[in-house]
């Protein structure tokens, strides 16, 4: 009996276990593998960007857990996440995204909180710059970012260089004196402060994290234009928006700067503070009411009076007159036929044939016998002793840009000596991973560092390219190389197709007509811009827009400090920039500082 009871109990238990639902992996709680340090990070994130829903009156663990749960729900709801009240993987992933340092939820409402500038004419100044972009580019980006908001409001912005400005913009790192320190790369990108008097002297100021990699277009970093538009919104009084399509959404998103426009949510917020622009396309056209309808009185037509019909007169036929009788014209007879007499040709008389004179052979004279010339032996070879050059000591000063020739009446060799430490390179460019160094009518190729191949005649590669070129650069995205000489430009596409532009430098690159020569050219991979060196000046050409970035050139020393002499060639390699000036190469790091001064034959493996 006991055996039966145990057996029945086991059968029943097996049936019960089999009938229980098995939890699905898809519904598994995503917070089971969240580590304690993740919860600590989430708590710090919530304290920084979301206000507590209730004052912290009770220090109990349960109360703190409930408050964090409510704050998590608030954050998930604001950013459009699934509201789970827990630190799940998706929530933690969003928390780790780069974003603005301004709080998402504050004691103020998003629109109509009353914090605004009391005037529409605002000034801003830039006190420091990011090392990853050119100064002129940063100025242009911030100008366009401010113009985005001016385009939909009566606001007008002016860039000033004095100490007094409404908005001060700076690039700073870590702790920088405002009690809101930055956290290093790939974290908080920037923050801004509302207009004064709510923020005191710092009201309206914008701070960018100088540890972040800000770019013009490249998605390898953060587009400065997008971040700047967002921060200008805070500086004007806007808070964060929960609309992911809005530029005031707190999480960084990529937008193409050339096709950027504000969302309806952004326009609504800024116009709530400052009103619409008078010629703003977002402003609705007022509808005027039509006057009430007044019917026109209808007048009756007079009664119909028929017009009396008059009868036509009777038909009277017209009399027909007969034609006169036919009278034939008399025919006159032709004169009788008289045949023309035929004269006979004279008989054929052949021309007399004269016989050729008999053949008389010309006597053949024999050549004189061969007399050999005695061969004299050359004197034995005596080698000329080779003296070694003194060791090279680089001295990067202006007077060394063009060193004088110490030998009088020196004979120019047929081929340039690549290991001559006085060598001045005409131009340098990359080409599908190679480096090409141009000198006179020759070029050297270098694929592996410090190894050269050549020299070769330039015309052996491209017969249409002239000798003694001025500059060259490669646009890797287009797979094209551009060669400059005087005001003419040649385009080499796909390594072999050569096209000479009929246009001059002014019409092709927008340079002034006074520019008759480009000394060096450099395509900057980080910015997508081409730098054209003209004497001591520098122009920036936007390859995407096909226009110059700056209305006026800048000085070379402003973008590349400490360089001496005129830049004769330039190229980029492994993230570094190399500028050739006379017999020297100046190596620049990404922060535009000289990291090394090299000989002009540095890449030729010369001993």
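Keep in mind that glycine also has a Cβ here, set from the backbone N, Cα and C atoms.
Just so you know, TrEMBL annotations never went through curation; they're auto-generated.
DSSP assigns residue 231 (active site) to a helix. Positions annotated as active site by TrEMBL: 231.
The feature Zn(2+) 2 binding site is assigned by TrEMBL to 100, 230, 234, 240, 248. Residue 100 (Zn(2+) 2 binding site) is surrounded by 23 other CB atoms, counting those within 10 A of its CB over all protein chains shown. In the three-state DSSP assignment, the secondary structure recorded for residue 100 (Zn(2+) 2 binding site) is strand.
The Cβ neighbour count for residue 203 (Ca(2+) 2 binding site), using a 10 Å radius over every protein chain in view, is 19. Residues annotated as Ca(2+) 2 binding site in TrEMBL: 166, 203, 205.
The annotation Zn(2+) 1 binding site is assigned in TrEMBL to 176, 178, 191, 207. Counting every protein chain shown, 25 other Cβ atoms lie within 10 Å of the Cβ of residue 207 (Zn(2+) 1 binding site).
Counting only same-chain residues six or more apart in sequence, the Cβ atoms lying under 8 angstroms from the Cβ of residue 184 (Ca(2+) 3 binding site) belong to 174, 209, 211. The Ca(2+) 3 binding site feature in TrEMBL is assigned to 183, 184, 209, 212.
For residue 212 (Ca(2+) 3 binding site), the same-chain residues that are 6 or more apart in sequence and have a Cβ closer than 8 Å to its Cβ are 98, 130, 185, 186, 189, 221, 222. Sequence annotations record features per position, and here TrEMBL assigns Ca(2+) 1 binding site to 212.
Sequence annotations record features per position, and here TrEMBL assigns Ca(2+) 4 binding site to 426, 470. Secondary structure at residue 470 (Ca(2+) 4 binding site), taken from DSSP and collapsed to helix, strand or coil, is coil.
Using a 10 Å Cβ-Cβ cutoff, residue 472 (Ca(2+) 5 binding site) registers 30 neighbours. Marked as Ca(2+) 5 binding site by TrEMBL: 472, 521.
The disulfide bond annotation in TrEMBL covers 419-606. The Cβ of residue 606 (disulfide bond) has 16 neighbouring Cβ atoms from other residues within 10 Å, across all protein chains displayed.
What TrEMBL records for 113-276 is domain 'Peptidase metallopeptidase'.
Sequence annotations record features per position, and here TrEMBL assigns repeat 'Hemopexin' to 416-465 (among others).
Summarising the annotation, TrEMBL assigns repeat 'Hemopexin' to 466-512 (among others).
Annotation source TrEMBL lists repeat 'Hemopexin' at 515-563 (among others). Mean predicted confidence for the repeat 'Hemopexin' (515-563): the pLDDT average there is 88.
The repeat 'Hemopexin' annotation in TrEMBL covers 564-606 (among others).
Taken from TrEMBL, the feature motif 'Cysteine switch' covers 98-105.
The feature signal peptide is assigned by TrEMBL to 1-19.
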Assigned element (helix, strand, coil) containing residue 207 (Zn(2+) 1 binding site), judged by DSSP: strand
Candidates 231, 234, 248, 419, 426, 470 (recorded positions) with Cα within 10 Å of residue 207 (Zn(2+) 1 binding site): 231
Spatial separation of residue 234 (Zn(2+) 2 binding site) from residue 191 (Zn(2+) 1 binding site) - C-alpha basis, Å: 8
Helix-strand-coil residue split for the repeat 'Hemopexin' (564-606), DSSP-based: 3 helix, 22 strand, 18 coil
Proximal residue to residue 234 (Zn(2+) 2 binding site) among recorded positions 178, 419, 426, 470, 606 (C-alpha distance): 178
Pairwise CA distance, residue 183 (Ca(2+) 3 binding site) versus residue 205 (Ca(2+) 2 binding site), rounded so that it is a whole Å: 19
Binding-site residues: 176, 191, 230, 240 - member with fewest neighbouring CB atoms within 10 Å: 176
From 176, 178, 231, 472, 521: recorded positions whose CA lies within 10 A of residue 248 (Zn(2+) 2 binding site): 231
CB within-chain contacts under 8 A for residue 521 (Ca(2+) 5 binding site), separation at least 6: 427, 471, 472, 473, 482, 484, 530, 531, 532, 533, 570
